[in-house]
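K.L.:
This is the structure I have questions about; it appears just below.
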Amino acid sequence: MGERGEEWEAVMLRKAEEEESKAVKKVKLVTSDGVTMEVEISTVKEMETIQAFMNATDTDNSIIFPLPKVSSHILSRIMELMSGEYDQELVKRLSHEELKEICMVANYLNMKTLLHLTASAIANLIQNKSVEFVRHFFNIINDFTPEEEVQLRKTHEWAFEGVDED
Amino acid sequence: MEPEHSDSNLLLFLPDDVFAVVSRFLSPRDVCNLCLCCKSLNALVASEKLWLTQCDDLGIVPHKDLVEWRKGVASYKALCRFLVGVKPLMGIWVHQNPELGNVVYVMPGFVSVVGCRIIPQELGPLGIEEGPILWASVFEVVSDFDGSMMFFLHGREKGVNYVYPGSVKLNKSCNVLLLEVEPGGCSSVSTLLQSKSFVHHSGMDSSSSRKVCRSISDVSSSQRVVGSEGMVGFGKLAFSDRRKLLEVTTSHVRQKVPDNMIGPLFPRLRDDEENFQKDLVLLWERRSLLSQMYKVGSGEVDEHKLSSQEAFDPTQLELGDVRARFDRSRSISNPLPEEDANTQCIKRKSLRGYFWNGIKQMLGRSNSMNGSHSVSKKLMSSGEIRHARLQEFLRSSDTVRLTLKASTMKLSSYRAWPNMHDSRFALYKLPLRVPRDDQEYAGLWGGTFGWPPGKPSEDKPGKALFFLLLSYEEFQGQQLLIATKILEGTHYVLHPNGSAMFTANINEPSSEPFPRDTDADLVPVNINHAFVGEGIASGYGFRYPGSKPGSLFVFQNGILAFMWKESKLVLTLQRLNLQELLKKGERVYSLPPVTNFSYLTKSYSNVFAGLPSSSNFLSSPRNGQ
């Protein structure tokens, strides 16, 4: 009888521990510059790559997930965007370098909303601009010979014609 | 936009898959811009996957078909070029004449788009869905290997089917489609022809041709009516001159379509897998033949153009392979013996050379008979101005070609129907509105008079099929639903083309009961809505119909029915998927080329199906092939 009671107690204890760990369970993300960031499990839900890993390992312990390609700066920017519910205004404040990095991380971690947001922000920089503008804006050096460029413009005429005729 | 300048890093060092995501937000034009920036960006955006996405996003051709079409062009980029080009053509085009309806629906063909005219007709024995619907081809625009457009007008003369190759000039926001004759061709072709016609001239001592030349120079020195405006456009010419030019040009550029190559123009529905695959084989052969005809017809030398144009294309390796396949199928499918094909080719080219003199003589003769050049030059009659314009038009180049020109015109309209010129060889676009929450009945509907809907009753076969375009217009603060008649299958037209068969006030419910309570299958009908409206009625002559009160009923199964209050006459309508109907439809012969494009003679009867016999059918999924 006594033995059984102990057993019972042990089961209860384990259950309580489990529940406790579920409630406060955190994921530790280790960035490329060695910073460990503890994030809520709900945050990780959007990071499908990590989520898939967690589902596969099915461990009770909190997980440490290394992100060798993500700096702590970028990761904190991502957290800001997530907690700001992906506000367009926040995206506008990012530098182009940040935008690119975040877009790449979003792709790597399979964060659909963030990827969509940042990719469209990058596309916005290119949309409806002239070749000259894009070159100037992105500091691109034109490495075509004049002949090559003339030829290229000719073969791409189709995309530009019929807009302001008549 | 921030003044900040970014590193080229931002674009250049994006991984392919990320760039693919970015590119989904870009238009083909934006992507082409990137091509021109620098070599590395050019390489980055050259991916097939990226251009497939671009093709997909245009929404003209379903993904499955894109994969099939890709085999006929150099790359998805070339395919995208074609799709961007033909996009303004897609949809419903109409003309006022004949009054029974002139509906041309432009839809995807096979690496092409096809203009299909729906014939005014009675409801088939199996109802609208299983009809099959009758149609005739008007024109097609086929993609060349590099994605450029090849235009073919269709027509039938003296029992022979022809195609009439020409060029395409499209404006992206076009609302009018014109058939024109355009001076000149691509420069290389015209120089080629110039030198040929020069040789030809010197070898022929014809006083008449010299006369034409002199009369032309006369005009240029003293009577340049239009010199200040530059070149005279085709549209500025008198109607009879335009018609003559079109007739002469079509009779010279026409090429006979071998009987085994008349159809199909698009594959049957995919659920008919076996026939779908059979159709693809035929379509491949047909396309090879057309592209061959086009090159012969327009004298284009594509070998050089193609190789230089694709110089930056990474699919170049693949190119040779596909081309070889192209050529192989061409030589197999070529219905003409090799020798014949060659002679035809030479004939065509030289024909082009003196064809021009032919036109000049033909048109010049009637004018010179008037002796217009000897009369006083101070006062010019309208006839002289007309003559001078024609001379100026002819003077502008040594070659002409048939052209499909899509342009943008200011058009007034009444109740969603444009007011049309009756002397232009034109088709007018009817914007097809997509249903929205506040305009849920917008779009194309078809039906007949009588209840129950769908199938013709056994005792009363041969109900006239109606096509109606439903759109919304605000009138005195009320939302009016307008049902514009665009096709009527009666023997003799009841109401003018484009008139509103009914209007209904969406803001005013009707309390009128619907007299029948079951449908064709004796299932009880459930009415979702009823609106107060007005239906068309006889008025002051044919041109000005009147209206009488009625109600529009919306049934639970999506059927619409308009009932005239007094007569209890009912017009029942269902939504149409024209593409699907045409794929299941039956093709009939086309008219001669110019009238096939635009039928300008006033007519109240059915001019498109002169012989409503089964011998008239070209291809039918039901008859088999």
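Cβ from N, Cα, C; glycine included.
As annotated by TrEMBL, domain 'SKP1 component POZ' applies to A:25-80. The domain 'SKP1 component dimerisation' annotation in TrEMBL covers A:112-159.
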K.L.:
I'd like the per-state residue tally for the domain 'SKP1 component POZ' (A:25-80) from DSSP, helix first, then strand, then coil.
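P.N.:
Split by secondary structure, the domain 'SKP1 component POZ' (A:25-80) comes out as 24 helix, 16 strand, 16 coil.
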K.L.:
Of the residues in the domain 'SKP1 component dimerisation' (A:112-159), how many are helix, strand and coil by DSSP?
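P.N.:
Taking the domain 'SKP1 component dimerisation' (A:112-159) as a whole: 35 helix, 0 strand, 13 coil.
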K.L.:
On average, what pLDDT score does this prediction assign to the domain 'SKP1 component dimerisation' (A:112-159)?
P.N.:
90
